[in-house]
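S.K.: Dumping the structure here so I can ask a few things about it.
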Amino acid sequence: MGGGGGEQQQLEVLHALNVAKTQWYHFTAIVVAGMGFFTDAYDLFCISLVTKLLGRIYYRVDGSPSPGTLPPHVSACVNGVAFVGTLSGQLFFGWLGDKLGRKRVYGITLMLMVLCSLASALSFGHTPTSVMATLCFFRFWLGFGIGGDYPLSATIMSEYANKKTRGAFIAAVFAMQGFGIITGGLVAILVSASFRAAFPAPPYGEDPVASTPPQADFVWRIILMLGALPAALTYYWRTKMPETARYTALVATNAKQAAADMSKVLQVVEMRNIGNNGGSRRPFGLFSGEFVRRHGLHLVGTSATWLLLDIAFYSQNLFQKDIFSAVGWIPKAATMSALEELFRIARAQTLIALCGTVPGYWFTVTLIEVVGRFKIQAVGFFMMTLFMLTLALPYHHWTAPGKNHVGFLLLYGLTFFFANFGPNSTTFIVPAEIFPARLRATCHGISAASGKLGAIVGSFGFLYLAQSPDRSKTEHGYPPGIGVRNSLFLLAACNLLGLLFTFLVPESKGKSLEEMSGDAEAQEEAPPPLQTVL
């Protein structure tokens, strides 16, 4: 069959997808595709709680006035190894999703997450070294699976959706992180409260040994294992999802199969006689001059904005301790038992997530097709810059004992509200919309991996930078840094840079994937032979 006929058949399939009405399958796809982000957020939320408990269980120092904590290098390893795994998974599965198809590798990422969530809770041995080593090993592979879900879920949702609701659907997939955060908080609260009631323990200051009952070792394992359950429940539906029609039509160049796959999940009637085709357009690669000319600046924009956003977003733990102690939610560690501390921190973090983090996701879902990606991202970066400067300039004013707690908490919550109703959501959405189908998952993976590099800098670089310049006031095991106030100035600068790089990213609201990527420049000339059921 000639190239022109092949392109015509492709366009018929693409047009049907662009005008398809929102159907039940779209909502099923949001839940199934969103489970990776649920697991990601659940794990990230819970590991910060778990590491405090692990410090008490495995690193208690006899005679010390304060409870045991993980040494800096161990803490960095436990937290950071999942980030490194995620970064690797984003690049590898993004590339593989374009080579083999989205469906073929989609089940693998979920199974990897489920198995490694369970295995990380079954860390072998009884010595601190063996438990930490096996925990780190399984957390790397958990991160690898989570990383694969970023490009695959975003690409699958964008390729299933119509052009009017695509942004809201991709945002809803990402917003499953909100459910992961809340579930992680509730699980930690319930498990710690249950064990605290069943095995009462005195505060550390009264009895250092008895303050951490032996049963506490089960608590962190149960919390980590329960995170695998929702993902495992969606595995069956994930394996039943057909390949996206856009991939089959544009990359595998099989319009007949694309039409057949589409009709299985979306109500489409009046299918024409569509045969296999060999597209006439010569494809260009990621490292070609053609890609650089068409999409080079776009890739720089999506990667740089995600990198700069995550530096700021993942640095939130820098001043979380100040907030909790200033507001009085978390007393000094020595005045609590191990399970009491876990309960209180989980409760405090869940409240902040409920008030600041989670609403931002759903504001994006609701308004992205009204306001547009560019405005949400630009305003988000601007507001984050503003709030971080407002926190930094009079930092000692906010943290003074007995004063200004409400203002401090409000600014902190607003910073992360505008991260989620802003670049944290849009940096995930846009790379799934503006690149060609044959490179879409790869480019999303590169953008996401840049973000995860930012997360590593935000979490660990600033953990060291934010230490007090006065050596006597640094946390145990850390060298002096530039202090939290100066760190906030740096983070505000990152947000301002993110705002500038936003201007490299095109607006995709109301446009088809093919218009944005150039996959079918002549699409508007094609008649609409496929009609969707209203």
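Backbone N, Cα and C define each Cβ position, glycine as well.
TrEMBL: automatically predicted annotations, no manual curation.
Quantities reported herein were computed from a predicted structural model and do not represent experimental measurements.
What TrEMBL shows for this protein is this:
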TRANSMEM  24-50  transmembrane segment
DOMAIN    29-510  domain 'Major facilitator superfamily (MFS) profile'
TRANSMEM  105-124  transmembrane segment
TRANSMEM  130-148  transmembrane segment
TRANSMEM  169-198  transmembrane segment
TRANSMEM  218-237  transmembrane segment
TRANSMEM  296-315  transmembrane segment
TRANSMEM  351-371  transmembrane segment
TRANSMEM  378-397  transmembrane segment
TRANSMEM  409-430  transmembrane segment
TRANSMEM  442-466  transmembrane segment
TRANSMEM  486-506  transmembrane segment
REGION    514-534  region 'Disordered'
S.K.: Given a Cβ distance threshold of under 8 angstroms, which distant residues of the chain, six or more beyond its ends, lie next to the transmembrane segment (409-430)?
M.R.: 150, 154, 167, 170-171, 174-175, 178, 302, 305-306, 309, 312-313, 316, 319, 323, 327, 352, 355-361, 363-364, 367-368, 373, 376-377, 379-381, 383-384, 387-388, 390-391, 398, 447-448, 451, 498, 502, 505, 508
S.K.: Below 8 Å between Cβ atoms, which of the listed ranges 218-237, 296-315, 378-397 makes the most pairs with the transmembrane segment (442-466)?
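M.R.: Answer is 296-315, with the largest number of Cβ pairs below 8 Å.
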S.K.: Which residues, given as numbers and ranges, are at least 6 beyond the ends of the transmembrane segment (169-198) yet have a Cβ under 8 Å from it?
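M.R.: That would be 26, 29-31, 33-35, 37-43, 45-46, 49, 153-154, 157-158, 160-161, 213, 215-216, 218-219, 222-223, 226-227, 230, 337, 339-340, 342-343, 346-347, 349-350, 353-354, 357-358, 361-362, 364-365, 368, 420, 425, 428-429, 432-433.
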S.K.: List, by number or range, the same-chain residues at least 6 past the transmembrane segment (296-315) whose CB is under 8 A from its CB atoms?
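M.R.: Distant Cβ neighbours of the transmembrane segment (296-315) are 377, 381, 384, 388, 416, 419, 423-424, 427-428, 430-431, 434-435, 443, 446-448, 450-455, 457-459, 462, 466, 487, 491, 494-495, 497-498, 501-506.
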S.K.: Give the nonlocal contacts of the transmembrane segment (130-148) in its own chain as ranges (CB under 8 Å, at least six residues past its ends).
M.R.: 36, 39-40, 43, 47, 54, 58, 74, 77-78, 81-94, 96-97, 105, 108-113, 116-117, 119-120, 123-124, 445, 448-449, 452
S.K.: Taking the domain 'Major facilitator superfamily (MFS) profile' (29-510) alone, what is its mean pLDDT?
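M.R.: PLDDT averaged over the stretch: 86.
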S.K.: Taking a Cβ cut-off under 8 Å, which residues six or more beyond the ends of the transmembrane segment (378-397) line up next to it in the same chain?
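M.R.: Beyond its ends, the transmembrane segment (378-397) has Cβ neighbours at 305, 309, 312, 319, 403-404, 408, 411-412, 414-415, 418-419, 421-424, 426, 484-486, 488-489, 491-492, 495-496, 498-499, 502.
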